[in-house]
Structures are given as C-alpha cells and as structure tokens.
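Trainee: Pulled from Swiss-Prot, these are the listed features:
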BINDING   Cys20, Cys23, His24, Met85  heme c binding site
MOD_RES   Ser2  N-acetylserine
Amino acid sequence: MSDIPAGDYEKGKKVYKQRCLQCHVVDSTATKTGPTLHGVIGRTSGTVSGFDYSAANKNKGVVWTKETLFEYLLNPKKYIPGTKMVFAGLKKADERADLIKYIEVESAKSL
C-alpha cells in the first residue's frame, strides 16, 4: 500500500481554493487557464478535450492516480519537465493528501 496520508476533505477544499481555483475547476468539465480537475484520477495526462496542453504533458502518458498526483504535486516542473503549469508545488505531504481527497470527493459528484 502507499504511504500517502488519508487526507481531509475540508482542509483539501481550503488548499484548492487558495492554490488551484485561480486556474482550475473541479465542479465542471470546463477549462480555465488549466484543465478541469473533475475526474482527473484515472485520466491520462494531456487528454482533456479542448485544452491546449504542452507537448511535455501530452507525451508524459502518466495515468493520474492518488500516488502519481501525490508525487506530481510535490514539484510539477520536476515531474513533467516542460509543463506550462506555473504552480511551484505543495511541499507538505498532508496538504497534498488533503487536496487529493478533495478532488477525489468532488470528482465523484455528478455534473
């Protein structure tokens, strides 16, 4: 099993609002500066229809799981060199786990 903390939905919601909401949505399939995060778990990188990804994101071919998101969110530019995402990352493991929990719960909701 993974070493990812369980995550807290409410704390993750706060992290999302502070660090992600400016560029991403999780409650629709729309894109903003970044692609929708709704349904990201289980999706292959660079595949949201209508979003203009960098070649790096398209070519990475990673399937987003809790584990891959946990690693990615630590340092996006290290995980996918050449990504257009300007976010520096979340250094605290608990914040990454909380954010993943929030995205997971919100993605389970019907649109």
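The count begins at 1 with the first shown residue.
Positions of Cβ are set from backbone N, Cα and C atoms, glycine also.
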Trainee: So around the heme c site, Cys20, Cys23, His24, Met85 aside, which residues have their CB within 8 A of the centroid of those CB atoms?
Mentor: Arg19, Leu21, Gln22, Lys32, Thr33, Gly34, Leu37, Phe87
Trainee: Let me know the largest Cα to Cα distance in Å among the heme c-binding residues Cys20, Cys23, His24, Met85, as an integer.
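Mentor: Spelled out: the longest distance between any two Cα atoms in Cys20, Cys23, His24, Met85 is 11 Å.
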Trainee: Using Cβ atoms only, which residues of the same chain lie under 8 Å from Met85 (heme c binding site) while being at least 6 residues apart in sequence?
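Mentor: Residues satisfying the criterion: Cys23, Gly34, Pro76, Lys77.
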Trainee: So which of the binding-site residues is most packed in, judged by how many other Cβ atoms lie within 10 Å of its Cβ, out of Cys20, Cys23?
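Mentor: Highest number of other Cβ atoms within 10 Å: Cys20.
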Trainee: Let me know how many other Cβ atoms fall within 10 Å of the Cβ of His24 (heme c binding site).
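Mentor: Cβ-Cβ neighbours of His24 (heme c binding site) within 10 Å number 21.
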